[in-house]
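*Asks:* Okay, here's the structure, questions in a sec.
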Amino acid sequence: MKLTLHAAPVATHARHLPGLALVVALALVATWLARAGHLARYGASALTLAIVLGALVGNLLRQHHLTSLAAGMSVAQRGFLRAGVALYGLNLSVQQVVRVGGAGLTVDLFMVASTLALGYLVGTRVLRMDRHLVWLTCAGSAICGAAAVVAAVPVLRSDSDKTAAAVATVVIFGTLSMLVDPLLYHALPATHPIFGVFVGATVHEVAQVVAIGKGLGGEVAGTAVIVKMIRVMLLVPFLLTLSWLEGRGTDGERRITVPWFALAFLALAGVNSLQVVPEPVLAGLRQLGIWLLTAAMAGLGLSTTLAAMRRAGLAPLRLAALLFIYLVLAGGAINWWLLG
């Protein structure tokens, strides 16, 4: 009997290792900075730190080094990203929706839909921005920050430079929210639950919502996080709508391509709602999902060049600034109208 070894598959897998090793290292550093470095308390999530670290390293490396890393970076940007988005569904449950009530759900639906619509119209018609960059910027502001941006990337088939530009707006204006919201809390006569709904419905990142809530007290924090997670649930309808709007067949008709990771996201949210999985297992899977998203962000950062960021110009910042103002004003108005 003759035993034949095929070297080609081994070589194919081996070429992924350098890029994957660097992505994993950057993800671990970002996670450490967010936790042990205590940056999470200031709303700096591991996801945003990973893309910043990746961009710094990527712009310091020479092109031939990046070429040798490209295969592994691609695995992170595609496979890790999709799996991470799917596992993110384990953070959500039907019980969260019930707990916040119909008014909180209405606030979230209105804010997400109106922010996306306003952002798209202004970005494409007034600022004349690239359409994909508009969608990415709007997703970051309207839904769940960096996680929404990277979840939209496979649907749009967008490049890493646009992704990095959109994530930058999340970092800037989410941080600004952390400064503005406590001032509004002390200046306005809103009750704890009402202000919690406002924070959850208007702040970009989950980590930023947690940081604001902790600073303002347990009642604000609890309501804010639940309302924010309902916004995260709206990621799947957004991805399906985006697929329909951006997808056209050869006959020119609109097509919906349902991303498998969006369906998995919903399915895992359903599993979490049933409360049949042991909590230690859930905690481990949730952490794995966050880590996969962090690694994906590191891979996207490595692919980002300063030249391409400069080409994007100030338009994404202008759009994100407008959306930030809208979130504060419209979010405050609808909260006062429905809950005040």
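Sequential numbering from 1, following the chain as shown.
Here the Cβ of each residue, glycine as well, is placed from N, Cα and C on the backbone.
Quantities reported herein were computed from a predicted structural model and do not represent experimental measurements.
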*Asks:* From the ranges 22-41, 102-121, pick the one that TrEMBL records as transmembrane segment.
*Replies:* 102-121
*Asks:* Are there residues at least 6 beyond the ends of the transmembrane segment (194-213) whose Cβ is under 8 Å from a Cβ of it, and what are they?
*Replies:* 34, 40-45, 47-48, 100, 103-104, 107-108, 111, 140-141, 144-147, 170, 173-175, 177-178, 181-182, 184-185, 188, 219-232, 327-328, 331-332, 335-336, 339-340
*Asks:* What same-chain residues lie close to the transmembrane segment (319-339): Cβ under 8 Å, and 6 or more beyond its ends?
*Replies:* 103, 106-107, 110-111, 114-115, 118-119, 122-123, 127, 129, 134, 137-138, 140-142, 169-170, 172-173, 176-177, 180, 184, 188, 190, 193-194, 197-198, 201-202
*Asks:* Restricting to the same chain and to residues at least six past its boundaries, which positions have a Cβ under 8 Å from a Cβ of the transmembrane segment (225-245)?
*Replies:* 88, 91-92, 96-97, 99-100, 104-105, 107-109, 111-112, 116, 135, 139, 142-144, 147-148, 151-152, 155-156, 196-197, 199-201, 203, 206, 209-210, 213, 254-259, 262, 265-266, 269
*Asks:* May I ask which of the stretches 46-62, 69-90, 102-121, 165-187, 288-307 has the most CB pairs under 8 A with the transmembrane segment (257-276)?
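*Replies:* Per the Cβ under 8 Å count, 69-90.
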*Asks:* List, by number or range, the same-chain residues at least 6 past the transmembrane segment (102-121) whose CB is under 8 A from its CB atoms?
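*Replies:* Apart from its flanks, the transmembrane segment (102-121) reaches 134-135, 137-139, 141-143, 197, 200-202, 223, 226-227, 230-231, 234, 238, 319, 322-323, 326-327, 330-331, 334-335, 338-339.
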*Asks:* Which listed stretch (46-62, 133-153, 165-187, 288-307) has the most C-beta pairs under 8 A with the transmembrane segment (69-90)?
*Replies:* 288-307
